[in-house]
Amino acid sequence: MQANSASRSVVLAAGLAALAVTWAIVRLNSQLPLHLWTQAWLHPSLEDAQQLLFHYSALPRLVTAVLCGAALGLAGTIFQHVLRNPLASPTTLGVEAGAQLALVIATIWAPFLLGVGREFVAVAGALGVTALIFAVSSARGFSSLTLILAGLVMSLFCGSLVVALKLLNQEYISSLYIWGAGSLAQQDWSAVTYLLPRLLGCAFAAALLARPLVVLTLSDESASALGVSLRWLRIAALFIAVLLTAFVTSAVGIIGFIGLAAPQIARLSGARRFQERLVVAPLMGAGLLVLVDQAAQASSGSFSDFLPTGAVTALLGAPLLLWLLPQLKSSSNDLAPGFIAPATAYRPGILFPLLMTGLVAVTLASILLGRSTQGWSIADGEMLAALAEWRVPRTSVALLGGAMLGMAGVLLQRLTRNPVASPEVLGIGTGVAIGILLSMVISTAPGRGLQLAMSSAGAFTVLAFLLWRGIKSRSAPDQMLLTGIALSAFLDAIIVSFIALGDPRAAQLLAWLAGSTYRADATTAWMTLAIAAPLLLAPPFFSRTLDILPLGEETARELGVDLRLARLAIMGLTAFLTAASVLAIGPLTFAGLVGPHLARAIGLRRAFEQLIGAALIGAILMILADWLGRIVIFPFQLPAGLVAALIGVPYLIWHLTRRGR
Amino acid sequence: MRRGLNRRECLAALLLPMAPAFAQDAGKAPPRVAIVDWGLTTSVLSLGITPAGIAEIDLYRRWADDFPISPDIQDVGLRTEPNLEVLASLKPDLILTTPFSENVRPLLERIAPTRSYATYTPDGHPLARSAQVLREIARELHAEARAQAVIVQAEATFTAARASLAGRKIPPLLLAGFMDGRHTRIYGADSLFGNVLDRLGLRNAWNKPTNFWGFSLVGIHELAPYAEAGLLAIAPIPPEAPLNASGEGLWRSLSFVRAGRVGTLPTTWAFGDVSTAERFARSLTKTLLDKESLRAG
């Protein structure tokens with residue numbers, strides 16, 4: 001049986017590879033007749049453009065696709081095996097995001113480094129971010145949920161930084177957009193000569209470790225009894241996998257999802273043993289990437305700009321991940337207990353006045369204290385009257401948006417019984433963004449009503465999908481996180497395609513995606529208030545249900561709560577809260593993660609208290625973020641959502657490590 | 001800045017008897033203007049008017065660099081999201097923007113009357129459009145005579161360049177903005193640069209569809225079919241561009257590279273205006289005349 005299923009997966013992988021190669025040959029043949037191939041390969045005639053293209057572009061591109069696909073498949077297999085997590089991959093662990101951030105930073109501040117070697121910069125970035133993620137999750141014994149969460153938030157963090165830097169340096173970044181979207185286009189053999197020895201070295205090292213690594217499937221005790229130093233074995237294996245990814249990413253950019261999909265397909269098609277997957281998954285990866293790349297090349301003729309291969313893998317990979325999720329056995333909800341326990345507990349009677357004071361203080365600071373062309377100033381009198389016109393709407397919108405996000409976060413965490421749920425992490429913000437994107441496709445000048453309807457629908461769809469998926473898989477938190485990852489990647493791919501199509505609306509979309517309170521004026525502030533007021537008053541009425549929901553379905557039923565109705569009502573409310581806040585302050589919604597957390601951490605444990613506390617903290621965070629965004633790089637400005645992410649992620653990372661000790 | 005403009009003014013004065021018009025212009029003080037687009041910034045500077053505020057000054061110097069920026073001019077922040085408090089504190093009489101930032105316009109309108117000008121429209125004639133835009137801006141700023149002079153001078157430059165290039169064997173040209181080692185923008189007939197090629201009687205080699213901004217983003221391999229072309233790379237050129245690479249590769253084997261039909265042009269903003277186009281025409285002509293190898297079509 002074992003042997004049969006293993007050979008079946010080998011046959012499938014070989015079939016896939018054969019199909020890919022056949023297509024490549026057919027396409028190559030249409031460019032250059034078969035009988036000229038040997039000549040073109042060995043001594044291309046300089047007079048024949050087709051032979052030159054064959055020699056310097058088509059052939060190295062094909063080889064690069066094979067190498068990269070195989071390397072990503074291998075890296076994914078190692079990640080998934082060593083971390084005992086079927087969903088670990090270069091994309092989910094943030095390796096690619098780290099490489100991209102390093103490249104953006106180098107492009108802006110140290111361009112000479114790129115002349116020396118783009119690759120070294122990317123490898124350094126990937127290693128740095130991965131090291132950080134491992135350091136965080138080692139505190140929790142590399143638990144799968146912590147790893148994925150740390151990877152996700154690090155990706156979001158690097159992504160936010162990249163967006164911030166792009167906003168401030170738009171002209172530099174066009175090339176990084178290509179790189180971030182993963183282009184396999186070649187004009188010589190340098191990528192092959194760069195990749196081949198490095199990847200072979202890594203593959204050789206992986207082969208050496210293959211036998212010892214098998215013992216990792218045993219429990220830690222029995223493996224230690226065999227005399228293998230597990231710690232070093234793991235670290236060595238992970239290092240190899242990170243290197244493989246970093247080499248690929250540095251050479252061709254971000255090729256998402258191959259590293260996740262190839263090992264998964266290998267596993268699902270019957271390669272159950274690690275050694276089998278070590279062979280089958282790279283074959284799968286190579287076949288998949290060649291197929292996708294051929295498709296991208298074949299279709300790129302119809303675009304004014306080319307279609308980057310990485311964008312296509314993301315477009316195909318995200319739905320694949322969503323489809324794969326229910327077929328995987330989820331890991332346990334290992335994050336929950338440590339996360340929920342509060343550090344210190346103060347009485348709400350003291351906390352609420354404190355938080356209110358804090359809110360008033362930041363609100364006043366945000367309106368009164370600022371920078372002008374003459375330096376720092378505290379506004380008063382006539383100056384205040386002039387500045388209030390700009391600062392009051394921004395501050396009000398930030399306040400309302402942050403409060404709504406705080407409440408939405410509490411609702412989500414209690415609804416999904418998942419302590420790390422938030423609009424950001426679960427991809428609900430992304431759902432809203434896709435909704436807005438659709439409203440832009442439907443209408444050239446979408447009004448606010450249409451935008452609200454479409455964005456609420458987007459939030460609701462994602463949430464319904466999550467819950468349906470969550471109910472089916474018994475509320476596995478890592479699956480919910482991965483849905484968020486898949487959705488974000490999908491949105492990115494759509495945006496990249498939008499840009500590739502040369503659509504002028506793409507710029508508008510990008511500006512909006514950065515998320516900011518910039519466009520707020522008195523009218524929008526009043527409208528946000530009109531929408532937010534009823535939405536903010538509603539959640540406290542669900543306090544009892546929210547107190548009961550985390551106790552589990554059985555208890556809830558015994559206490560007479562109509563689960564379906566309660567879930568539906570809370571889902572709807574969460575969707576509206578998220579949509580309204582995203583419309584107000586953009587799709588970066590970290591206040592929804594930090595607010596509920598901090599509220600719980602300072603001791604607000606009952607649903608009612610946590611709701612109010614999270615709303616207050618969310619509001620404070622967003623006002624602070626808006627204010628910092630205005631003053632830090634004056635006269636330039638950073639979007640508040642972005643600043644909130646830059647504050648929120650370090651908090652979350654710190655929180656993760658602290659709870660582990 | 002003064003020097004360039006003086007030369008411009010002298011030339012204009014020589015070219016056309018415009019003295020009465022100038023006098024009339026000088027009578028009215030130009031309004032204080034703030035600008036959130038680089039092409040329009042160049043337009044206003046070409047009129048000899050110092051704006052109160054413009055966007056992203058450091059990057060303008062690096063990427064557009066049509067005119068020097070005086071230190072008195074306030075930076076108003078990002079082009080996409082200019083700092084409203086700073087803009088308001090400048091108390092401008094007029095704000096100039098493009099349809100590109102249409103969603104910011106209601107906010108700008110509250111600071112000062114805001115005019116939006118499009119040089120890039122789907123009709124694909126950015127040069128003609130930018131001349132028209134310059135005239136419209138000049139009307140707002142009471143500098144119509146200067147605008148006329150700038151346009152006339154640009155026309156004169158185009159005509160002179162066309163004449164000096166006429167009869168020389170110049171191959172169809174690829175205008176490239178290299179992005180990295182493997183990709184480049186190629187500016188098509190509907191770009192500002194493409195329009196200039198037309199005016200100079202030169203042929204644009206690129207015949208593939210372009211995007212809204214008049215260029216295509218392509219891999220180096222897409223250049224292989226253009227054996228008879230010459231290529232001009234517009235600065236800034238990234239360090240890893242194939243132009244700077246030494247190794248063997250497709251780039252070195254392309255027939256126009258082997259024949260040496262490759263040149264570079266100074267930094268020019270692809271989304272600029274009439275003055276940008278004129279400067280581009282001059283540097284293009286100089287490069288084509290100086291570089292023997294470029295002409296051996």
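All residue numbers here begin at 1 and follow the chain in the order shown.
Note that Cβ sites are derived from N, Cα and C of the backbone, with glycine treated the same way.
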Please find, within the list A:304-325, A:524-545, the residue stretch that TrEMBL describes as transmembrane segment.
A:304-325
Same-chain Cβ contacts of the transmembrane segment (A:425-442) under 8 Å, 6 or more residues past its ends?
149, 152-153, 156, 412, 416, 450-451, 453-463, 466, 480-481, 483-488, 490-491, 494-495, 498, 505, 508-509, 512-513, 574-575, 578-579, 582-583, 587-589, 593
Chain residues outside the transmembrane segment (A:62-83) and at least six past its termini with a C-beta under 8 angstroms from it:
24, 28, 89-90, 93, 142, 144, 147, 184, 186, 191-192, 195-196, 199, 202-203, 206, 213, 216-217, 234, 237-238, 240-242, 244-245, 247-248, 251-252, 255, 258-263, 266, 274, 277-278, 281-290, 293, 309
Counting only residues 6+ away from its ends, which parts of the chain sit with a Cβ under 8 Å from the transmembrane segment (A:631-654)?
132, 136, 150, 153-154, 156-157, 160-161, 163-164, 167-168, 370-371, 373, 398, 402, 424, 514-518, 585-591, 593-594, 597-598, 621-622, 624-625
Positions whose Cβ lies under 8 angstroms from the transmembrane segment (A:568-595), at least six residues beyond its ends:
156, 160, 397-398, 400-402, 404-412, 414-415, 420, 422-425, 428-430, 432-433, 435, 448, 451-452, 455-456, 458-460, 463-464, 467, 512-517, 520, 524, 528, 531-532, 535, 538-539, 542, 545-546, 549, 613-615, 617-618, 621-622, 625, 639-642, 644-645, 647-649, 651-652
Report, as numbers and ranges, every residue of the chain located at least six residues beyond the transmembrane segment (A:274-292) whose Cβ falls under 8 Å of a Cβ in that stretch; write 'none' if there are none.
6, 9-10, 12-14, 16-21, 23-24, 62, 65-74, 76-77, 81, 203, 206-207, 210-211, 213-214, 217, 255, 258-259, 261-263, 265-267, 309, 312-313, 316
Same-chain residues near the transmembrane segment (A:345-370), Cβ under 8 Å, at least 6 residues beyond its ends:
376-380, 384, 387-388, 391-392, 394-395, 398-399, 602-605, 609, 612-613, 616-617, 619-620, 623-624, 626-627, 630-631
Sequence-remote contacts (6 or more beyond its ends) of the transmembrane segment (A:195-214), Cβ cut-off under 8 Å?
64, 67-68, 70-71, 74, 78, 81-82, 228, 233, 236-237, 240, 243-244, 247-248, 251, 273-275, 278, 282
For the transmembrane segment (A:391-413), sequence-distant contacts whose Cβ falls under 8 Å of one of its Cβ atoms, 6 or more beyond its ends:
359, 363, 366-367, 370, 419-423, 426, 428, 517-518, 520-522, 524-525, 528-529, 532, 535-536, 539, 542, 546, 570, 573-574, 577-578, 580-581, 584-585, 589, 591-593, 595-597, 599, 607, 610-611, 613-623, 625-627, 630, 640, 644
